[in-house]
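Trainee: This is the feature table in TrEMBL:
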type: DOMAIN; residues: A:94-312; note: domain 'ABC transmembrane type-1'
type: TRANSMEM; residues: A:12-30; note: transmembrane segment
type: TRANSMEM; residues: A:100-121; note: transmembrane segment
type: TRANSMEM; residues: A:133-155; note: transmembrane segment
type: TRANSMEM; residues: A:189-208; note: transmembrane segment
type: TRANSMEM; residues: A:244-264; note: transmembrane segment
type: TRANSMEM; residues: A:290-315; note: transmembrane segment
Amino acid sequence: MIAFIIRRLLQSILVMLTVALVAFALFRFVGDPIASMVGQETTLAERAELRDALGLNDPFVVQFFTFVSRALVGDFGISYRLQQPVMELILSRLPATLELALVSGILAFVLGVGFGVYTALRRGGWLSSSIMTVSLIGVSLPTFLIGVLLIWVFAVELQWLPSFGRGDVVDLGGWWRTGLLTESGRASLVLPAITLGLYQMTLIMRLVRAEMLEVLRTDYIKFARARGLTNRAVNFGHALKNTLVPVITITGLQLGSIIAFAIITETVFQWPGVGALFINSVRFVDVPVMAAYLMLIALVFVVINLIVDLLYYVVDPRLRMDRTTAGH
Amino acid sequence: MTTPPLLSVRDLVVEFPTRRGTLRAIDKVSFDIAEGEVLGMVGESGAGKSLIGAAIIGLLEPPGRIAGGEILLRGERIDSLAAEPMRRIRGKRIGMVFQDPLTSLNPLYTVAEQLIETIRTHIDCNDREARERAVALLDRVGIPAAARRINDYPHHFSGGMRQRVVIALALAAEPELVIADEPTTALDVSVQAQIIDVLKEICAERGASVMLITHDMGVIAETADRVAVLYAGRLAEIGPVRDVIQHAEHPYTQGLMGSIPTLTQTSSRLVQIPGSMPRLDAIPQGCAFNPRCPHAMERCRRDRPGLLPRGADREVACWLYEAAEEEVRHG
Ligand SMILES: Nc1ncnc2c1ncn2[C@@H]1O[C@H](COP(=O)(O)OP(=O)(O)O)[C@@H](O)[C@H]1O
Ligand code: SF4
Ligand SMILES: [Mg+2]
């Protein structure tokens, strides 16, 4: 168990270093940091001096080391565009994205598993077939189109829900502003959460359905039925548990992509999260923000991956090698 | 009135509707299993042995369905029961052991969890009582240190040990009939005999009858009281094991016996049956065995022979014996 965790941690560190390299490369190859920092009237000599002061003439390895050690303490420099520390910017935007992603993720998981199990158990029923057909739309329509359609129907035509922004927010302890505690905040969350979660939901649903059908065909399910266990015990006690083992991995990773894909949804709904921040920083070649965002997303993926692996380990006894007493 | 046999299968027909017509996989099969009796069911792969087992326990997989005949348990029809009463019979009155112990157990639950769940489904008792029963059962099927091993997951056991666990599970609610579908085919040869012994002993102890499905005549010879020979979904012959092995009457059975050298040391030559069993969509008219039969007659290609009684306790589906009977009668 310990060895397993250490191995996974080392892998994670390796991944983060690779991403850091890419992020660092942005500084060197996208735009000229000096040009972004100084005014028109700065002399060449002054620029060279600044370059030296910033360590831009140091060897590559030294510069990369400086970048990584600063990143470790959350120092990604100052945003070219907003002249604010990048970390501060990101932290102020992060709650909006995390709340959106979490609500979408829960929505996708609960509905995805529910529909998946239903359509597997009621294979061939008219409701199952309808759900499957509608889900096809979910996977084939691009996210921004779904967002625009939802805005058109629920915000413009029916005027039930707001089409942009986050509504009123409440400050929690000075570092987390939540929209979940106000009515307008919750109303504003509905359309973006559906937009962001729909694709993942259909994916999870199809995965659960396929996996469940597979499990229902296994010998141990046949044997469970042959022992006279009730349908409920067989379907939910035995089949569902086995279905969820592989589903956990993929669903966990989906949460990572939900945060990453939030870029599109945040743009469509003008949601004030890190995704929107990233899009704007790309437009203005605000390299420090871009680099920090890249590292943030990578960190999210790595952490989720780690949690999923551990969860997998907890759920599936076959992976708990330390207990192996296999005998003959 | 005589007491009805424990299990009675009458003219069972199992069909699969397909786009190109209906396939008849089991065609008018009839046999009884008496209280405490071990009936061997033999036949080559695809003969329909597993389907008969599935039909009895009510777990035919759609689109397969019982299209005719009846199945009676102690004289009561069980083939037409609704889902819930049939579920109560499974495990409680009819137990089933499948072929592959490596895949028969749910990998995510301990042996204790699976046993206790099964016991408590059928027997009114609390968790502690169920656990005690479970440990005793595991001990009985020969799992060493049962009280400790019961908390292990299936993957902690070897194939032979897992099949013992499967037997314990099948017998957990003390069924009157156990259907064992090739219980040793997937096992290492070295443990096959032990598993058969455990199964046989335990069932004998409890007075449970057994339908032992296998294509291993050796196992049948050592274990079964009577044997039924299945060919292309039809019974070819049924009778006491000794008689059928020593004096097979149906030409197909004779061929089968011929392929087991140890049992036919009296006959100097090995009988080989040319050809192979027909597919379900190409079963010949008349006797299903006629294209391969060395004794096939005109009539065999036209009419299907039914099971003809041969003495007190044997039946054989072959025109040769009707002719013989007639000859005896006329001569
Ligand atoms: N779903 C199905 N559709 C069509 N035919 C089937 C189906 N399942 C089984 N069969 C046929 O039923 C016959 C008997 O199968 P089975 O009982 O498994 O044979 P055995 O156990 O004797 O090897 C086989 O010929 C097989 O092709
Ligand atoms: S009925 Fe005819 S074809 Fe069939 S086994 Fe008997 S002799 Fe052979
Ligand atoms: Mg079979």
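Indices start at 1 and increase along the chain as displayed.
Note that Cβ sites are derived from N, Cα and C of the backbone, with glycine treated the same way.
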Trainee: Could you tell me whether the transmembrane segment (A:12-30) and the transmembrane segment (A:189-208) are in contact, taking contact to mean 3+ Cβ pairs under 8 Å with a sequence separation of 6 or more?
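Mentor: Contact criterion not met.
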Trainee: Against the transmembrane segment (A:100-121), which of these stretches has the most C-beta pairs under 8 Å: A:12-30, A:133-155, A:244-264, A:290-315?
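Mentor: The stretch with the most contacts is A:244-264.
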Trainee: The transmembrane segment (A:244-264): which same-chain residues, six or more beyond its ends, come within Cβ distance under 8 Å?
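Mentor: Apart from its flanks, the transmembrane segment (A:244-264) reaches 97-98, 100-101, 104-105, 108-109, 112-113, 143-144, 147, 196-197, 199-200, 203-204, 207-208, 211, 271, 273-276, 278-279, 297, 300-301, 304-305, 307-308, 311-312, 315-316.
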